[in-house]
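Q: Please read through the structure below; I'll follow up with questions.
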Amino acid sequence: MATWKTCLYVRGINQLTSFTRRQTLILYDCSQNQPSQIFLSKLLSTKAGHQTSTHGTLDKTENNVSTSTHNRCLKHNMPFNAMHHHTLSSNMKCLHGHPLLSTNINQSTRLGKTNFSLSTRSILESSPPSIQPYLRLIRFDKPIGTFLLYWPCTWSIGLAAQAGHLPSISTLAWFGIGAFLMRGAGCIINDMWDKDFDKKVARTKTRPLASGELTPFQALVFLGSQLSLALAVLLQFNTYSVILGAASMGLVICYPLAKRYTYWPQVLLGLTFNYGALLGWSAVQGSVDLASVLPLYVGCLAWTLVYDTIYAHQDKYDDMLIGVKSTALKLGDNTKPWLVGFSTVTIAGLSLSGFLCDQTWPFYLGVSAMTAHLAHQIMTVDLNNPDSCASKFRSNNQLGLMVFIGIVLGTLLKSDKTTEEKKRDLEMNS
């Protein structure tokens, strides 16, 4: 029994209506009449060989679609203005032959005025049609991946900052740009490797390479531009960091292949995605202090195992059918105890790194908040509900921010040793 959601922009009010499909196939006949709006012309409900048709009003939809299809009663006499859907069911499709994209409606007409959203989704939809496939290729409308790549960088930069001082704003900014570019490059490489798999998975079948909107050559050229810009960012740092950053490309290229051979591709993803924990420290200090940074790197890797295992549960049924491996399939019903173990390693790694960096109480308060957040994720996530998995996955962005704030405040409260204290320590050690 698959669950899907339809977002109805009704009279300027964004209403979310949930349905559960029980042996019922819902097909939409849609047409692109205006930018950012998909208008519904009719709805067909096919159940046990019986077909009925409605023509664009919710009252008729209620009357003609079996009540077993609905979780929630709909309001009467309210016209369909626009819709989007999110589903894992490959049976959901547009009658015109193109798949319905999971798209938020970002503008509406209210009292004769048009309201616009500045979200990444809105920017994508308002951009020229010729570049929209490229923006979707790098997941421009799904910035959560960029944030999850960025937070370990900020943690490392914050821990490496001088005691009593804020981390360098310029360093944080360069790493933010680099995270955006490298996340995009990683998505392109992933889609180039996986386009044949993506065609068989409902959540990924609309990606530009899988759907044929872009050719592999076009993606390769775009990848070259992304990597060139990322190299330009990397060259802003010291030579040690440039060499260290360039060494990560092997992981970026190999990660998409891991799911073909091992049930633990998330480990390789963790090594790749958290490379910024090493790079951030070297960008500030000129080299990597493994004693302080390695626990952070391992803790971040374990954090990736938490959120990406939850994420992988969205696709586990499709993955089983097409032969793609993941920790979700490996751990199965034992996933939650493993998530507790991964979370324990995460907390231990960050705590040890903070201790070795002489962090103060705000840091440990941030780690405590992280512990509570991870516990809440594990206790409340429904691993058989794709929406629940997606929501918990995205919530890790707030977790990353909490830890970063704790690190910054903890570093500000650290006492910077005076020259005399340093001399005294040197004399004692000698």
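Cβ atoms here come from the backbone N, Cα and C positions, even for glycine.
Summarising the annotation, TrEMBL assigns transmembrane segment to 147-166, 172-193, 240-258, 267-284, 290-310, 338-356, 395-413.
How buried are the listed features, and what sits near them?
A: Among residues of the same chain six or more beyond the transmembrane segment (147-166), those with a C-beta under 8 A of the stretch's C-beta atoms are 172, 175-176, 178-179, 182-183, 273-274, 276-281, 283-285, 292-293, 296, 300, 304, 307, 350, 353-354, 357-359, 396-397, 400-401, 403-404, 407-408, 411-417.
Listed by sequence, the residues of this chain that lie at least six past the ends of the transmembrane segment (172-193) yet keep a Cβ under 8 A from its Cβ atoms are 137-140, 145-147, 149-150, 153-154, 157, 207-210, 216, 219-220, 222-223, 226-227, 229-230, 233-234, 236-237, 252-253, 255-257, 272, 276, 279-280, 283.
Within its own chain, the transmembrane segment (267-284) has Cβ neighbours under 8 Å at 148-150, 152-157, 159-161, 167-168, 171, 175, 179, 186, 237-238, 240-241, 244-245, 248, 251-252, 254-255, 258, 292-293, 296-297, 300-305, 308, counting only residues six or more beyond its boundaries.
Packing against the transmembrane segment (395-413) from elsewhere in the chain are residues 144, 147-148, 150-151, 154-155, 158-159, 161-167, 303, 306-307, 350, 354, 359-367, 369-370, 373-374, 377: each is 6 or more residues past its ends and has a CB under 8 Å from a CB in it.
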